[in-house]
């Protein structure tokens with residue numbers, strides 16, 4: 001029953017994996033974000049319409065008809081793999097064209113990300129005075145540190161920083177909302193990612209009997225071959241941790257050149273891992289096991305690179321929250337009825353599940 005419900009859930013978008021951006025009703029909110037990472041702009045009004053105006057033009061265009069923007073049930077706007085060119089104004093209007101909420105978003109170029117690790121003695125960029133049609137201060141506005149990506153054992157944490165410009169006596173603005181149509185090339189005008197070592201105790205309240213994904217991979221059975229693994233639910237906005245045969249993979253080792261058999265993708269915050277040799281790879285999001293990738297010899301040329309199967313084991317609560325989001329009310333109702341009428345003897349008992357998918 002649980003496996004069936006999970007397969008139903010997997011057919012729906014993993015909205016929980018995307019960053020939710022909110023703004024008070026009737027307000028205008030300004031955000032700096034990173035290109036390449038999905039976000040959802042909240043509106044929460046039935047049958048609302050979304051309009052967009054880029055930083056290069058004043059004309060509003062309907063977002064509902066664009067391939068890179070999708071209006072979700074409830075009228076929130078999903079932006080998949082946003083580009084720097086999508087920097088601009090996003091306006092949510094009701095059916096009378098009255099403003100419900102408005103976002104000014106600067107999607108800063110992830111390809112320009114400046115990366116430093118505190119424990120390697122690397123320093124982030126400092127403040128810099130520039131002349132951009134007048135004297136301004138360019139600086140980095142930092143998000144809070146994310147949680148440590150491991151507990152009990154040594155781990156790492158990261159924080160994101162965004163490029164901001166401040167004029168004398170004026171409120172700071174994200175760099176490319178400030179510059180708009182101006183074409184300026186300067187190495188200081190870019191976002192940042194800072195890393196450092198950490199160690200924290202485990203949360204004893206964390207649940208351990210939840211499903212996680214398991215994949216069998218056949219991509220490493222030839223010399224000089226490699227595979228690109230993707231951790232479900234991971235993003236640059238969340239703590240992510242990888243292990244190879246139970247040994248931790250760290251940003252410090254990678255940035256210092258000590259890791260040669262794996263490459264964590266910096267621009268996705270570790271969501272993707274490039275591997276060059278067979279091993280059992282496991283990924284964790286917010287300290288919780290999400291997926292395991294098992295090396296398996298190729299049995300036939302026609303076999304898919306990912307082979308699904310199901311077996312029992314432990315997992316954690318991140319995927320439970322995803323399940324609650326993706327299951328429809330009707331599925332929950334039917335599931336509850338079956339549990340009450342058909343599966344009454346086993347209802348209420350915790351069972352661990354491993355879900356293996358293509």
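For all residues, glycine too, the Cβ spot is worked out from N, Cα and C.
Listed in Swiss-Prot:
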type	residues	note
SIGNAL	1-17	signal peptide
TOPO_DOM	18-322	topological domain 'Extracellular'
CARBOHYD	127	N-linked glycosylation site
TRANSMEM	323-343	transmembrane segment
TOPO_DOM	344-358	topological domain 'Cytoplasmic'
- List, in sequence order, the same-chain residues at least six positions removed whose CB sits under 8 Å from that of the residue listed as 'N-linked glycosylation site'? 137, 138, 139
- Local backbone state of the residue listed as 'N-linked glycosylation site', from DSSP in three classes: coil
- Message: For the topological domain 'Cytoplasmic' (344-358), report the average pLDDT of the model, please.
- Response: 42
